[in-house]
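Copied over from Swiss-Prot:
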type	residues	note
BINDING	Gln131	L-ectoine binding site
BINDING	Lys137	2-oxoglutarate binding site
BINDING	His148, Asp150, His249	Fe cation binding site
SITE	Trp154	site 'Important for ectoine stabilization'
Amino acid sequence: MTTEVRADLYPSRGAAEMTTPRQDPVIWSAPGAPGPVAAKDLQGYEHDGFLTVDQLIAPDEVAVYQAELNRLISDPAVRADERSIVEKQSQNVRSVFEVHRISEVFAGLVRDERVVGRARQILGSDVYVHQSRINVKPGFGATGFYWHSDFETWHAEDGLPNMRTVSVSIALTENFDTNGGLMIMPGSHKTFLGCAGETPKDNYKKSLQMQDAGTPSDEALTKMADRHGIRLFTGRAGSATWFDCNAMHGSGDNITPYARSNVFIVFNSVENAAQEPFAAPIRRPEFIGARDFTPVK
């Protein structure tokens, strides 16, 4: 009997930090394939690892989603659910995961062609939701999230084999340049940074609030920032930022009076379904990394 050895294109969580050139396309669809993203915007996405839409959803739609977000984070049953992340210091609900299963309102947003159509075009196939959540960053001291590549975690802990995954962050409040907005290093998606250190069991319980395993070193981040620069994203409610799964990104604290909230949806190609983790002892729970690969229709 022989045991098949699984290829790992992106090694991480070993004894030392290491870089690997990207082995996968950024845009998976054929040139000229139909879809809502213009050719020049696809070129920008391929080059920078992100694209922005100034007004993906209209103000009246924003109001509906904002009301649903407020309903969910105010619901004691949702707050007590393991899918909700409550900040220890403030006791504020910061995130609610698997929101497309909890709420039919957000399930409808996932199915909206303005949303899922862009994912299909970028990934060149049908897609399923690997992860969804609503995020709330209150004013007056809400903590940010340190620099990381989502793919590093999704590969190491969820078993996504290839970089065929795209995220969208849809703003439900205005994103100023002062209230802890999303930052991305343009072009960083072309290099995979494998992080040092083993993955603890049940690492997700800590990492959803403060990333530790899978965190790049200061030296590596400095080199990447010097090479690529840093882009801070601002925009009105209803704007959206699409970004590649391997883009190095993070966000700062929000010490302003102005809260931020968004909907975050991760689409993965049905041809890139999750396997066993590449660098973790156990799978993360399904509400963080889906095992239902049913295409969004």
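Keep in mind that glycine also has a Cβ here, set from the backbone N, Cα and C atoms.
Location within the structure of each feature annotated in Swiss-Prot.
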residue: Gln131; record: L-ectoine binding site; Cβ within 10 Å: 24
residue: Lys137; record: 2-oxoglutarate binding site; Cβ within 10 Å: 26
residue: His148; record: Fe cation binding site; Cβ within 10 Å: 20
residue: Asp150; record: Fe cation binding site; Cβ within 10 Å: 22
residue: Trp154; record: site 'Important for ectoine stabilization'; Cβ within 10 Å: 27
residue: His249; record: Fe cation binding site; Cβ within 10 Å: 26
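DSSP assigns His249 (Fe cation binding site) to a strand. In three-state terms derived from DSSP, Trp154 (site 'Important for ectoine stabilization') belongs to a helical segment.
On the backbone, the CA of the residue listed as '2-oxoglutarate binding site' and the CA of His249 (Fe cation binding site) stand 16 Å apart. Surrounding the centroid of the Cβ atoms of His148, Asp150, His249, where the record places Fe cation, the chain contributes additional residues within 8 Å, namely Trp147, Ser149, Phe151, Glu152, Thr153, Ala247, Met248, Gly250. Taking CA atoms as the reference points, Asp150 (Fe cation binding site) and Gln131 (L-ectoine binding site) are 11 Å apart. A distance of 15 Å separates the Cα atom of Trp154 (site 'Important for ectoine stabilization') from that of His249 (Fe cation binding site). Between His148 (Fe cation binding site) and the residue listed as 'L-ectoine binding site', the C-alpha separation comes to 17 Å.
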